[in-house]
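K.L.:
Have a look at the structure that comes next, please.
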Amino acid sequence: MSETRSTNEEKKKPPLNGRRAIPSNNSNDEENEVPEIEAFGLIPRGFNPKDYLRVVDIHMFKEPHEINKQQHHTDKYYNPKLIVRRGQIFQIQIDFNRPYRPETDQFWLEYLIGRYPQQNKGTYIPILVGNVLKDGEWGAKITHKENNSIQLSIMSSATCIVGKFRLYIAVWTPFGIIRTQRNSATDTYILFNPWCQQDAVYLDDEKEREEYVLNDVGIVFHGNINDIKLRSWSYGQFEENILDACLFLMDKAELELSGRGNPIKICRVASAVINSRDDNGVIAGSWDNTYTYGVAPSAWTGSVDILLEYYSSKQPVRYGQCWVFAGVFNTFLRCLGIPARLITNYCSAHDNNANLQLDFFLDDEGKVDTKLTKDSVWNYHCWNEAWMTRPDLPVGFGGWQVVDGTPQETSDGMYRCGPASVQAIKHGHVCFQFDAPFVYAEVNSDIVYSRRQKNGIQVIEKIDTTHVGQLIVTKEVGGDGMMEITEEYKFQEGSEEERLALETAVMYGVKKQSTQDVYQPQTDVDMDFQVQKAVLGSDFKVTITFRNRSHNYYTVTAYLSGNIVFYTGVANECNNLSFSAKLQPSSSSAFDVVIKASEYLSDLLDQASFHFFVTAQINETGKILAMQKATVLEIPALRIKTQGELVAGKVMSVTVEFTNPLKQTLENVTLRLEGPGVLRTMKKEFRQIPANSTLIWEVKSIPRQPGLRKLIASLDSNALRHVYGELNIQIQKP
C-alpha cells in the first residue's frame, strides 16, 4: 500500500532542480488543475457560494459566420473552437444567475496556457474589466448589458504567446474566489496577426496577406533553369486538426511557451523539427531513389497527410525532398499566421566547406573525378521565406527571412537553417544571425574547375561566376504565374554593388580563395551546347558548338559525359564519349550526339533529369573549356475532369485519367487526389497499366466551401514518378 502512495506523490511532485523553482513550461497540451473555490481563510458555516454572482454560461461567438472569426480572418479553419489573432478586439458574452451590479460585483477573466502558468512569463493572464481598451494590450470592457447577460470586448496583447489558451471566469466574494469549471468549449486559440500594426509579422498589403497567409494552395517550381516545370501543392493550413498538429510541433521542439510569441524563435525551432535528423522531426529525407516502407517524395500532393500522420504516430513520415520540407514548413507558418512563401533557387550551390566556391576536380583527361568532387550544384533547391521584423538586428534587415527545413548542414549543432535576412544576404552582411553565410553561398558561389597534372600540381582550368543562383522565383500574388525575385537576393552580375556586397561578405568571414593570378583561360575559342527538348521514352540529341574567333587553326579533343541525376546533382553515368574536332580559323562548327531511350530508361531516376558535362582540350595550347547543363524530359500529365454541377454541400464527381507513354507495363501504381475544402486525400492502387493504355479513376466528394478551389493529383510507380495533374474549379453557393 505504502509503495503505491509514494509513486503517486512522485508523479505530482516535479523532480527537484537546483536552478529553477518551476519546471520548464514547454507543452501547450499539458494543463494544471485550477481550484474552483479559493478560500481566503476559514469559511464560515453559513456560506453558500450560490448567494453570490455566478456564471451560468459563456458564449464565444465562434461559428465561422459569426463576428469573431469573420473579423479575425479565421473563418476558414475547420475547427469548432474560437480562433482569434493577437492585438485585435474579439467579443464574448457571459450569462450570470442574476443581473450584474458593477458597484458591488467583481469578476475577472483568466487566460492560462501550459502546466505551470505564471504571470511574468505571459502564461497566466488575469484581465480586469475596465472602461478603455488600449491598442495591443490585454484588457476587457463591457459593451452591452441586458437582463442577466453582459457582452465584453476583449483586446489581446500584440506580443502575446501564440497557442491554445484555457479560459476561466473568477468572481470575488468576501470569503474567497469562485471560478468557472474547466470547459474545453471555451478554449481560445490566439494566432499571429499580419493585419495588426503592432504585431511583429505585420504586412501592410491586403493582396499579399490574402496570398501569403490565407491561400491554402500554392505552386512549386522545379525542373531546371532551361526547362522550368511547375506543380501545385496543397498547403491545407485550415483543414481539420492541422492547427493542433502545428502547435504540437512546437511542443515536440520543446520551445518554452514564453518564447512562442516570437516569430524568430518559432521559425528557428521549426526549421529543425520539420526534418527528422537529430530530433525525430516530421519528415525523413531520402535521396537514394528507393522508398521502400514509405511514400516517394514525388507522390505527395500536399502537407495535410504528412502533418496528420506525424501528429497521430509521433514518428517521422517517410519520405521527403526539398519541396516537401518547404511545402510542410509553409503550411506550418501560414497556419500560425506568419506570412510565408515557397522559394525556388535554380542552380543552387551546395558548398560543403562554405568557401564560396564549388570545386569540380577533373582528371588528366578532363573527366570529372567523382571521388574528389564533394560539392554539388542542385538543379533547384526549395526553401521558404517568412515575413517578420528583426528587432535583434540593426534597422533595415526585417521583412523576408530565409528559413529552410531541408537537412543540408548543421547550424549550432542541429540540422536547421534561418531565419536569415534576405536584405542582409543581398548586401553581404552575413554576420547577422542566423546562417546567412550558408544561404549567401547557395546563391553566389563560383564554380572552379581544376585539374591535377601528372606532376601532382592542381591547375585551375575555368572559373564560372554566373552559373549558380541564376534565377530565384516564387509564385506570383493572386495568380499561378511565376514571379522572379533574383534581385532581392543579389545585385546585377558584374555591377559595382555586387562587387561591394562580395567584399563585405568576405570581410565578415565568408572564405574566398584568390584565384585570379593562376588562371588564364583560352579566350579566342567559345564552346556551347544545346540539348533537344524530348519526351520521356524517346531519343534526343545534344549539339555541341565551337566558335574559333582567332586566325589560328586548332584541334580539340572533346569529352561528353551524360549523367542521369537527382535534382541535387548526384549522378549515375549513362553516356560518355570522346571525339576530336578540327576548328578552322574564324568559323563555327557543330557536332551532334544522339542519346538513345534504350540506353537511359532502365537507369532513370526520380525526376527524369539529365546532366551533361562537356570538357574540351585545345591540343595546341593545352587549355581546357568546360561547361555543364541540365535537362528534364517531358513527363505526361494526368487529366482531371468534373461532371455535373459543382455546389457546396452537394455530391460531385471527379475523374482522373492517365495514358502510359512508355513501351513497358507500369506496375504497382499509386494515384492520389486532393483538394483543400473539396475532398480529403484519396488514394488508389493499380497493379498494372500496360504500355499505351489509359486508366480512368472516378471518385465522389462533397465540397465544403464555395469559391475558387483546386484539385491536385499525382501518380507514382517505380518506373515513372513526378506525374501530376491539376484543375481549377469554381464551387457555387448552395
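Don't overthink the numbers, they just go from 1 along the chain as shown.
Placed from the backbone N, Cα and C atoms, the Cβ positions cover glycine too.
According to TrEMBL, the record shows the following:
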- Cys322: active site (ACT_SITE)
- His381: active site (ACT_SITE)
- Asp404: active site (ACT_SITE)
- Asn444, Asp446, Glu493, Glu498: Ca(2+) binding site (BINDING)
- 1-13: compositional bias 'Basic and acidic residues' (COMPBIAS)
- 314-407: domain 'Transglutaminase-like' (DOMAIN)
- 1-33: region 'Disordered' (REGION)
K.L.:
Within 10 Å of each Cβ, count the other Cβ atoms and name the one among the recorded positions Asp404, Glu493, Glu498 with the highest count.
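P.N.:
It comes out as Asp404.
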K.L.:
Say you check the Cα of Asn444 (Ca(2+) binding site) against those of the active-site residues Cys322, His381, Asp404; which is nearest?
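P.N.:
Spatially nearest to Asn444 (Ca(2+) binding site) by Cα position is His381.
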K.L.:
What is the number of other Cβ atoms found within 10 Å of the Cβ of Cys322 (active site)?
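P.N.:
Excluding its own Cβ, the number within 10 Å is 27.
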K.L.:
Using C-alpha positions only, work out which of the active-site residues Cys322, His381, Asp404 is nearest to Asp446 (Ca(2+) binding site).
P.N.:
His381
K.L.:
Near the Ca(2+) site, what residues other than Asn444, Asp446, Glu493, Glu498 in the same chain have a C-beta no further than 8 Å from the centroid of the listed C-beta atoms?
P.N.:
Thr465, Thr466, Val468, Gly469, Lys490, Leu502
K.L.:
Just checking: which of Cys322, Glu493, Glu498 have a Cα that is within 10 Å of the Cα of His381 (active site), counting only these recorded positions?
P.N.:
Cys322
K.L.:
Could you tally the C-beta atoms, other than its own, that fall within 10 angstroms of the C-beta of His381 (active site)?
P.N.:
26
K.L.:
Among Asn444, Asp446, the binding-site residues in question, whose Cβ has the most other Cβ atoms within 10 Å in this structure?
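P.N.:
The largest 10 Å Cβ neighbour count belongs to Asn444.
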K.L.:
Per DSSP, what is the helix/strand/coil residue tally across the domain 'Transglutaminase-like' (314-407)?
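P.N.:
So the domain 'Transglutaminase-like' (314-407) is made up of 15 helix, 41 strand, 38 coil.
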K.L.:
Report the mean pLDDT of the predicted model across the domain 'Transglutaminase-like' (314-407), rounded to a whole number.
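P.N.:
That stretch averages a pLDDT of 90.
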K.L.:
Rounded to an integer, what is the Cα-Cα distance in Å between Glu493 (Ca(2+) binding site) and Asp404 (active site)?
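P.N.:
Taking the Cα atoms only, Glu493 (Ca(2+) binding site) lies 25 Å from Asp404 (active site).
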